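Feature annotations, reproduced from Swiss-Prot:
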REPEAT    10-43  repeat 'PPR 1'
REPEAT    44-79  repeat 'PPR 2'
REPEAT    80-114  repeat 'PPR 3'
REPEAT    115-141  repeat 'PPR 4'
REPEAT    143-173  repeat 'PPR 5'
REPEAT    176-210  repeat 'PPR 6'
REPEAT    211-237  repeat 'PPR 7'
REPEAT    238-272  repeat 'PPR 8'
REPEAT    273-307  repeat 'PPR 9'
REPEAT    308-338  repeat 'PPR 10'
REPEAT    374-408  repeat 'PPR 12'
REPEAT    409-439  repeat 'PPR 13'
REGION    444-523  region 'Type E motif'
Amino acid sequence: MNLEEHLSLGEFHVSNLIKNHISRGSPIQALVLYGGIRRRGVYFPGWVPLILRACACVVPRVVLGKLLHSESIKFGVCSDVMVGSSLISMYGKCGCVVSARKVFDEMPERNVATWNAMIGGYMSNGDAVLASGLFEEISVCRNTVTWIEMIKGYGKRIEIEKARELFERMPFELKNVKAWSVMLGVYVNNRKMEDARKFFEDIPEKNAFVWSLMMSGYFRIGDVHEARAIFYRVFARDLVIWNTLIAGYAQNGYSDDAIDAFFNMQGEGYEPDAVTVSSILSACAQSGRLDVGREVHSLINHRGIELNQFVSNALIDMYAKCGDLENATSVFESISVRSVACCNSMISCLAIHGKGKEALEMFSTMESLDLKPDEITFIAVLTACVHGGFLMEGLKIFSEMKTQDVKPNVKHFGCLIHLLGRSGKLKEAYRLVKEMHVKPNDTVLGALLGACKVHMDTEMAEQVMKIIETAGSITNSYSENHLASISNLYAHTERWQTAEALRVEMEKRGLEKSPGLSSLVLT
């Protein structure tokens, strides 16, 4: 159905269409739809709150939000309490608290949703004092959401006792299952699972979200056993519960369990949705299960599951890691509205497959699409430079991080050090290790040591080993690999006595080489 046909079905139909895009995790599609409508000169005030929600969802699009604010003033609907409250919420979620407060102060009429939006804006941006002031000011007409905004805010500030104190102050009649779940979320999100467990057992009415929240909490701290135990306690399981189980397995590297749960879920009559397939595709990518990945892709097409950015990225990532560049490219080219995450997946895919030049071209294409690269983008494109041996391009891209306001982390430094090392620039790489603002990890130091071995530079290798020995964070497996590398280097440069002495030292430490494992299942 084209845009004209959608418009012919009326404002209510278009509103539902926008809502569906947002609820399915495709706010960009909602913004594209609204843009097409406005280009045709059509305007309906009821759409504004919905589009403002979409603006707050998309890496917040505050510029578009401000344009909507201007349109609201132009069409005389800015004084509408729903529009005003939505503007406050949008500005708050985008970090523009001053603009949110300006809208709040200028509103001729406010309801409890307006106050809640302003309180939530302050709390989400770390201003508990002003939020508390408004909270006390609205004491007569507080509703459940008012209390929840404050409790959530204190939870984000890791002020758990204050959050619990507010929960205890909350009137009994307002303590619905949502309020209980928010307080539980404070414990879970701060990894206080013992406190969460005690609170969870006291919840009088547990819905699917409450059960899944507990499962997610245990999965987050890597306690798969307890998460699974919670799952088996749920009598009436639904899709939310199954999705939590599958996602938790995938996130903890239990790929086979995730795949088994995926098929068991369908066996019990539950149809996968976008969340399900995103998680199971991640499991397929981890375990190299191209056969299952292809089956999931077929299921997506057969059942009409929306290819939102999460599903698209998961498909690209799965095909890339399972060695199917052709299908990864096909999925990418089928995406009508490309996001930063989508381009990141494709750049990583090209880098994995040794297509460094194409990865750099994709990075350049992002600029033409007005997509701002993030830290993941730079890791992907620097990895492509390493694989392709593009030293000058890598140095230029690393410098560009500053202009894009992206602070390099240890992974970015690791890529650059690897690139310098491969190019024989060992002194420059060593200088970077000494000067970088983050502590070098095993991978970074191992990359430099490996480069020393390739270029037969024992003097530099010994300098690197001094850093490794004093780093204080080297695991046995990494120590063995580093020591083995320098021992081999001594042997290659015919320093036999030194090599033998190092081998003896390794034996004294009881270091053994850790075997590696790689798998890929094809059909």
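Residue numbers in this text run from 1 along the chain shown.
Yeah, the Cβs are placed from backbone N, Cα and C, and that goes for glycine too.
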### Message
Within the same chain, where does the repeat 'PPR 5' (143-173) have neighbours whose Cβ lies under 8 angstroms from its own Cβ atoms, ignoring anything closer than 6 residues to its ends? I mean 6 or more beyond.
### Response
112-113, 115-116, 119-120, 122-124, 126, 128, 131-132, 135, 179, 182-183, 185-187, 189-190, 192, 195
### Query
Sequence-remote contacts (6 or more beyond its ends) of the repeat 'PPR 10' (308-338), Cβ cut-off under 8 Å?
24-26, 28-29, 32, 274-275, 277-278, 281-282, 284-286, 288-290, 293, 297, 300, 344-346, 348-350, 352-353, 355, 369, 371, 520
### Query
By DSSP, what is the split of the repeat 'PPR 12' (374-408) into helix, strand and coil residues?
27 helix, 0 strand, 8 coil
### Task
Summarise the repeat 'PPR 3' (80-114) by DSSP state, stating how many residues are helix, strand and coil.
26 helix, 0 strand, 9 coil
### the repeat 'PPR 10' (308-338) - residue tally per DSSP class, helix then strand then coil
23 helix, 0 strand, 8 coil
